[in-house]
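Read the structure below first, then the notes.
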Amino acid sequence: MDLLQSMDEWGPEKIVCVSDTKTGMRGVLVIDNTARGSGKGGIRMGPDVSVNEIARLARVMTWKWAAVDLFHGGAKAGIAGDPDGAGKERVLRAFARKLADQIPSQYVAGLDMGLTERDAAIIQDELGDRGAAVGVPEELGGVPYDKLGVTGHGVAESADAALFRIGRSSAGARVSIQGFGAVGAAAARRLHELGAQIVALSTSQGVVYSPSGLDVPKWLDLRAEHGDACVQAAPPHHRIAAGAELLVDCEVLIPAARQDVLDVDVAPDVKAQLIIEGANLPTTPAARQVLAGRGVTVVPDFIANAGGVIAAAFAMDARRSPFRPDPAAIMTSVAERVRRNTDQVLTAAERSGTLPHAAALSIAQGRVRAAMELRGRLP
């Protein structure tokens with residue numbers, strides 16, 4: 001995809017590529033649209049990070065902030081490199097220095113794949129500004145995203161709201177979760193509390209499956225101790241092939257790993273009634289059409305997994321405050337906003353005869369367009 005050709009009325013407004021010979025740092029910042037506020041989005045680090053990928057994710061952030069009706073703009077950053085490498089801190093500091101004229105005046109950094117809370121603290125330290133990043137450790141006044149499980153909690157609440165609309169409840173509903181990381185684990189915990197049966201869980205090292213439901217507290221403990229390797233504790237008769245978790249019998253499928261995992265090759269065999277997008281961009285546009293034709297409802301990523309940005313809004317306020325954010329207030333806001341938005345989008349889709357993704361996009365675009373018009377940014 002040629003980025004110049006892909007630019008549209010929404011953005012991106014700015015693409016900044018940076019490098020540093022001494023550390024080997026190669027990175028990019030994409031500020032997509034700031035009509036509703038300064039750019040906010042996480043930094044992703046991995047060997048396969050690309051400008052195109054970061055641009056797509058920055059656009060998702062534009063719609064996500066607008067969809068939850070919070071006043072920030074869409075942005076994303078990426079660093080090509082090993083997130084477990086010995087020189088990570090030097091690379092992060094070089095990245096922050098190179099973007100010092102953008103952070104935090106036009107972009108506030110956050111966490112994405114490959115970055116930890118300490119990494120956010122490093123960025124703050126390098127720039128000498130608490131406002132440079134959110135996602136710092138709780139000891140530095142940050143919101144403990146992973147400990148609270150804000151994104152996964154919101155995904156579970158979205159699933160519960162979507163189930164209610166089809167005359168079901170989470171109690172007894174079978175759920176398969178691809179990606180038993182921070183998001184997937186928090187979703188599993190909350191859905192288990194609501195009475196759901198988690199029938200499948202996967203990590204990068206395998207898939208665990210039980211048609212009668214897994215012992216969720218046990219697997220949460222194993223994940224806490226062993227990380228992705230937790231699935232290796234499953235006996236052979238509870239292991240299935242990688243990718244099969246997308247195809248098991250269930251009412252709810254939660255793709256919470258990587259993008260584009262649900263494509264036109266997979267979509268015809270999905271057995272779930274509801275897909276709640278825990279990851280960003282897990283379903284291709286063509287697959288959405290296939291799934292809709294089969295009566296499968298897909299709650300889009302920027303609605304279902306918006307718990308992280310809702311919590312980030314609290315963290316943005318906390319950057320300049322000496323007081324800690326209130327965890328109870330954060331979780332209440334996540335549940336209320338995600339449930340309301342899920343219901344709003346599914347209602348709009350039903351009334352307009354469009355897919356939920358199109359309905360959600362229309363709502364978000366309307367808010368961004370109104371802001372652009374008020375700021376004099378439209379022709």
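Each residue, glycine too, has its Cβ placed from N, Cα and C.
Pulled from TrEMBL, these are the features on record:
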type     : residues     : note
BINDING  : LYS40, LYS64 : substrate binding site
ACT_SITE : LYS76        : active site, proton donor
SITE     : ASP112       : site 'Important for catalysis'
BINDING  : THR151       : NAD(+) binding site
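Annotation note: the residue listed as 'NAD(+) binding site' sits in a helical segment as assigned by DSSP. ASP112 (site 'Important for catalysis') falls within neither a helix nor a strand when secondary structure is assigned with DSSP, and so counts as coil. In the three-state DSSP scheme, LYS64 (substrate binding site) is classed as helix. Of all the recorded positions listed (LYS40, LYS76), LYS76 sits in the most crowded Cβ setting, with the most other Cβ atoms within 10 Å.
Measuring Cα to Cα from ASP112 (site 'Important for catalysis'), none of the binding-site residues LYS40, LYS64, THR151 fall within 10 Å. For the pair formed by LYS64 (substrate binding site) and LYS76 (active site, proton donor), distance between Cα atoms is given as 12 Å, rounded to the nearest Å.
Distance between Cα atoms for THR151 (NAD(+) binding site) and LYS40 (substrate binding site): 16 Å, as a whole number. Each residue contributes its Cα atom, and for the residue listed as 'active site, proton donor' and LYS40 (substrate binding site) those atoms are 7 Å apart.
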